[in-house]
Amino acid sequence: MSSPAQPAVPAPLANLKIQHTKIFINNEWHDSVSSKKFPVLNPATEEVICHVEEGDKADVDKAVKAARQAFQIGSPWRTMDASERGRLLNKLADLMERDRLLLATMESMNAGKVFAHAYLLDVEISIKALQYFAGWADKIHGQTIPSDGNIFTYTRREPIGVCGQIIPWNGPLIIFTWKLGPALSCGNTVVVKPAEQTPLTALHMASLIKEAGFPPGVVNIVPGYGPTAGGAISSHMDIDKVSFTGSTEVGKLIKEAAGKSNLKRVTLELGGKSPCIVFADADLDSAVEFAHQGVFFHQGQICVAASRLFVEESIYDEFVRRSVERAKKYILGNPLNSGINQGPQIDKEQHNKILGLIESGKKEGAKLECGGGRWGNKGFFVQPTVFSNVTDEMRIAKEEIFGPVQQIMKFKSMDDVIKRANNTTYGLAAGVFTKDLDKAITVSSALQAGMVWVNCYLAVPVQCPFGGFKMSGNGRELGEHGLYEYTELKTVAMQISQKNS
């Protein structure tokens, strides 16, 4: 069976004008309390796209008050039929489809995503996430429980309340919908802080949320910096839950702030150093391509990046040769331009961090097969880089690089590679490539990771739970489990005169 044809990709919008740069509270646009603004850059050109209102604690306080008011008993949102919440989410998905070209252009310009990927993948995945959680809205059920004695007992899954949602810069639109969808499906209200590098699609989504008909205060969006706006959300005494996607370092700060404030519920999707294991019996062409995409997609700026590639000894040299050949095919440049398949890193800080880790690989004795430096004179570009002869103690084998850098290591036995793969503080994802079913089941069961792919990589269906073991986070996004992260489970027990079966 042939796979369905991909839709044609139109040209990006020319001369895109940014309409929404203010803080969104109570379905209205606000200047920041401080009157401060911050610049938003195009990482391919280093030029300022626009200036956005800089929210801080005072603005977060305003947003939380609006969200709390919208969550009051008897409010339009609390009394709304669950099916109507689902209809509103589907309406929002329809508006995203209408504005697909605008959203994709904005995501490519602001986040450095290759335009075709933004159009075909980012916007599509975001729409599907909203549609999936829209379907759940009137299917969130409690249970009746046959308890002992003349007691009638049942459970309710209730919305938690006001939820803070802190969005990363590497998937601004996708993660926005992954968090917004389940929160609203369950009946919560939200205060969203997009990453300071990439606030534009979130602010456009605010206009669509109002257009879709969500009541005022249900969704509030406060752009700003992590230590100020993000810190205010994490430590706020009237926010009931915080969900964060980003680095493990910042995740620890958020969990600490949540504990020191009101012990708010916390969901964290954090860093990774994901192993990808290729056995000698694997389909070599397929394994090379999946492993390549697993670390080079979106310039390596993905939390599940296959950044520790273990290849069985007997096929190691050939695998390295093919991987280098594949990496050399990239055409770098402005991701809005046709024919480009690698864009820039998000900002100067990330760009310099990646180049520093590449230098550490050279100094520590890894063999640089290709790339290894900056590309071009303008924009935050890094050459596609492949290292061979990498050993486990090197920094490039231990630290999250978040860039287009592939580390290829050699292994001899299954037992050996399982131990090495698990020898990390992270546990987000892993990949296994083999035609042997016994190997596939044994290794996937042994790996300490929240998502294990077998003979594929980067497949993250919205219907399935996604999240990490160990220091890669707490809780899950997506799927039924991701939905329940936005509910409190209440037991109601009432005395009755006589119980009957």
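Just so you know, the numbers here start at 1 and follow the chain as drawn.
Quick reminder: no glycine exception, Cβ is built from N, Cα and C everywhere.
Look at Swiss-Prot and you will find GLU269 tagged as active site, proton acceptor. Sequence-distant contacts (6 or more apart, same chain, Cβ under 8 Å) of GLU269 (active site, proton acceptor) comprise PHE244, THR245, CYS303, LEU428, PHE466, GLY467, GLY468, SER472, GLY473, GLY475, GLU477.
Among the features that Swiss-Prot reports, active site, nucleophile is placed at CYS303.
With a cut-off of 8 Å between CB atoms and residues at least 6 apart in sequence, the same chain places PHE244, LEU268, LEU270, GLY473 near GLY251 (NAD(+) binding site), listed in sequence order. According to Swiss-Prot, the feature NAD(+) binding site maps to GLY246, SER247, THR248, GLU249, VAL250, GLY251.
Per Swiss-Prot, the feature N-acetylserine maps to SER2; the stated evidence is similarity to another entry.
All protein chains considered, the CB of LYS91 (N6-acetyllysine) has 18 other CB atoms within 10 Å. What Swiss-Prot lists as N6-acetyllysine is LYS91 (among others).
Per Swiss-Prot, N6-acetyllysine is recorded for LYS128 (among others). A helical conformation is recorded for LYS128 (N6-acetyllysine) in the three-state DSSP classification. Other Cβ atoms within 10 Å of the Cβ of LYS128 (N6-acetyllysine), summed over all protein chains shown, number 16.
DSSP assigns LYS252 (N6-acetyllysine) to a helix in the three-state reduction. Residue environment of LYS252 (N6-acetyllysine) contains 13 other Cβ atoms, counted within 10 Å of its Cβ in all protein chains. According to Swiss-Prot, the N6-acetyllysine annotation covers LYS252 (among others), on the basis of similarity to another entry.
As annotated by Swiss-Prot, N6-acetyllysine applies to LYS353 (among others), with the evidence given as similarity to another entry. A 10 Å cutoff on Cβ-Cβ distances gives LYS353 (N6-acetyllysine) a total of 17 other Cβ atoms nearby, all chains included.
The N6-acetyllysine annotation in Swiss-Prot covers LYS367 (among others). For LYS367 (N6-acetyllysine), the number of other Cβ atoms no farther than 10 Å from its own Cβ, over all displayed protein chains, is 13. Taken residue by residue with DSSP, LYS367 (N6-acetyllysine) is part of a strand.
Summarising the annotation, Swiss-Prot assigns N6-acetyllysine to LYS410 (among others). Of all Cβ atoms in the shown protein chains, 19 besides its own fall within 10 Å of the Cβ of LYS410 (N6-acetyllysine). According to DSSP, LYS410 (N6-acetyllysine) is assigned to a strand segment.
Neighbours of SER413 (phosphoserine), defined as other CB atoms within 10 A of its CB across all chains, total 10. Sequence annotations record features per position, and here Swiss-Prot assigns phosphoserine to SER413.
LYS419 (N6-acetyllysine) is surrounded by 12 other CB atoms, counting those within 10 A of its CB over all protein chains shown. Under the heading N6-acetyllysine, Swiss-Prot lists LYS419 (among others), citing similarity to another entry as support.
There are 12 other CB atoms within 10 A of the CB of LYS435 (N6-acetyllysine), with all protein chains counted. DSSP classifies LYS435 (N6-acetyllysine) as coil under the three-state reduction. Positions annotated as N6-acetyllysine by Swiss-Prot: LYS435 (among others).
As annotated by Swiss-Prot, site 'Transition state stabilizer' applies to ASN170. Of all Cβ atoms in the shown protein chains, 25 besides its own fall within 10 Å of the Cβ of ASN170 (site 'Transition state stabilizer').
Summary of the NAD(+) site environment: with the site residues GLY246, SER247, THR248, GLU249, VAL250, GLY251 set aside, the chain residues having Cβ atoms within 8 Å of the Cβ mean position are PHE244, LYS252, LEU253, ILE254, LEU270, GLY271. Listed recorded positions: VAL250, CYS303; maximum Cβ neighbour count within 10 Å falls on CYS303.
For the binding-site residues GLY246, SER247, THR248, GLU249, VAL250, a Cα to Cα distance of within 10 angstroms from ASN170 (site 'Transition state stabilizer') holds for GLY246. The binding-site residues under consideration are SER247, THR248. Their Cβ neighbour counts within 10 Å are lowest for SER247. Ranking the modified residues LYS91, LYS367, SER413, LYS419 by Cα distance from SER247 (NAD(+) binding site) puts LYS419 first. In this chain, none of the residues that are 6 or more apart from GLU249 (NAD(+) binding site) has a CB less than 8 Å from its CB. A gap of 35 Å separates the Cα atoms of LYS252 (N6-acetyllysine) and SER413 (phosphoserine).
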